[in-house]
Amino acid sequence: MSKLRVAVLGAKGRIGSEAVRAVEAAEDMELVAALGRGDKLETMVEAGAEVAVELTDPGSVMGNLDFCVRHGIHGVVGTTGWTDERLAQLRGWLDGSPRTGVLIAPNFSIGAVLTMRFARQAARFFESVEVIELHHPNKVDAPSGTAARTAQLIAEARREAGCAPQPDATATGLDGARGASVDEVPVHSVRLRGLLAHQEVLLGGEGETLTIRHDSIHHSSFMPGILLGARRVVTTPGLTFGLEHFLDLD
Ligand SMILES: NC(=O)c1ccc[n+]([C@@H]2O[C@H](COP(=O)([O-])OP(=O)(O)OC[C@H]3O[C@@H](n4cnc5c(N)ncnc54)[C@H](O)[C@@H]3O)[C@@H](O)[C@H]2O)c1
Ligand SMILES: O=C(O)C1=N[C@H](C(=O)O)CCC1
């Protein structure tokens, strides 16, 4: 059986360098390009890449995906910074290349995907829900893509269930003290040396609280999800948002 020809963009970065090693170690894949900032994207075409794993930064990801989709190279994207406008633009590109697939995964680790799923399930049963994400201090974006997605899923579940707005009597204080509001769910971002990627979802009701916590303690936690994404995206045209769609969770 022929091996899946994979390129990694952002190959010298923290997660990109781990992805290079994971693709090299996968028996059913061949690493055909490992590109860093400033390298020519045409290298991927010359190398016959079928899938590009995109792990760069929010300022680079759109240009890279525009190129990939135009050349029929499928994308597995971990880079953050997704807005509705960016997603609409990507969908437009994919409409023009109907056989190409792109997976955007706010988080590739199974524990983080399950945290999002459990938070969505629990959200309607509690009056209050807040998200705390904790990351290494080299991270350029806040809140994390995972926290933003978690808050959206929580808000969606609460809207569907007709939940009342969250109780909060705060009337005075410092700007930012209550975190950022993502779909009216407070999200708090901690940046601390020693951490990698962590998240807590705090839920509170009458006389009880529930805390759902996930910790990625090594970049290896993201690798099975990246490899699964690469295997599945080649037969899944269009945009897939969230690794859960490839995990058969229900
Ligand atoms: N979805 C997930 O599970 C997951 C997990 C970890 C990190 N991330 C995200 O992945 C991204 C990278 O994270 P990181 O910690 O590795 O950052 P990093 O800064 O260590 O690595 C990014 C790398 O991309 C390179 N780069 C920038 N523009 C480029 C371009 N146009 N072409 C090729 N390379 C380019 C940079 O030079 C750098 O080496 C971030 O957005 C981060 O939030 C996602
Ligand atoms: O280290 C990072 O940067 C991470 N980014 C993603 C996010 O913003 O959610 C996933 C976790 C690690």
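Using the three backbone atoms N, Cα and C, a Cβ is placed for every residue, glycine included.
These come from TrEMBL:
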type	residues	note
DOMAIN	5-108	domain 'Dihydrodipicolinate reductase N-terminal'
BINDING	Gly10, Ala11, Lys12, Gly13, Arg14, Ile15, Gly78, Thr79, Thr80, Ala105, Pro106, Asn107, Phe108	NAD(+) binding site
DOMAIN	111-247	domain 'Dihydrodipicolinate reductase C-terminal'
ACT_SITE	His135	active site, proton donor/acceptor
BINDING	His136, Gly145, Thr146	(S)-2,3,4,5-tetrahydrodipicolinate binding site
ACT_SITE	Lys139	active site, proton donor
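Note: the CA-CA distance between Gly78 (NAD(+) binding site) and the residue listed as 'active site, proton donor/acceptor' rounds to 16 Å.
The separation of His136 ((S)-2,3,4,5-tetrahydrodipicolinate binding site) from Thr80 (NAD(+) binding site), Cα to Cα, is 15 Å. Here the CA atom of Gly145 ((S)-2,3,4,5-tetrahydrodipicolinate binding site) lies 21 Å from the CA atom of Lys12 (NAD(+) binding site).
Among the recorded positions Lys12, Lys139, Gly145, the residues whose Cβ lies under 6 Å from any atom of ligand 2 are, in sequence order, Lys139, Gly145.
The Cα of Thr146 ((S)-2,3,4,5-tetrahydrodipicolinate binding site) lies closest to that of Pro106, out of the recorded positions Gly10, Arg14, Pro106, Phe108, Lys139. Among the recorded positions listed (Gly10, Arg14, Gly78, Phe108, His135, His136), Gly10, Arg14, Gly78, Phe108 have a CB atom closer than 6 Å to some atom of ligand 1, in sequence order. With a 10 A radius on its CB, Pro106 (NAD(+) binding site) counts 22 other CB atoms from all the protein chains. Neighbour density for Thr146 ((S)-2,3,4,5-tetrahydrodipicolinate binding site): within 10 A of its CB lie 26 other CB atoms from the protein chains shown. The maximal spread of the NAD(+) binding site, taken as the longest Cα to Cα distance among Gly10, Ala11, Lys12, Gly13, Arg14, Ile15, Gly78, Thr79, Thr80, Ala105, Pro106, Asn107, Phe108, is 20 Å. The highest number of surrounding Cβ atoms within 10 Å, among the binding-site residues Gly10, Gly145, is found at Gly10.
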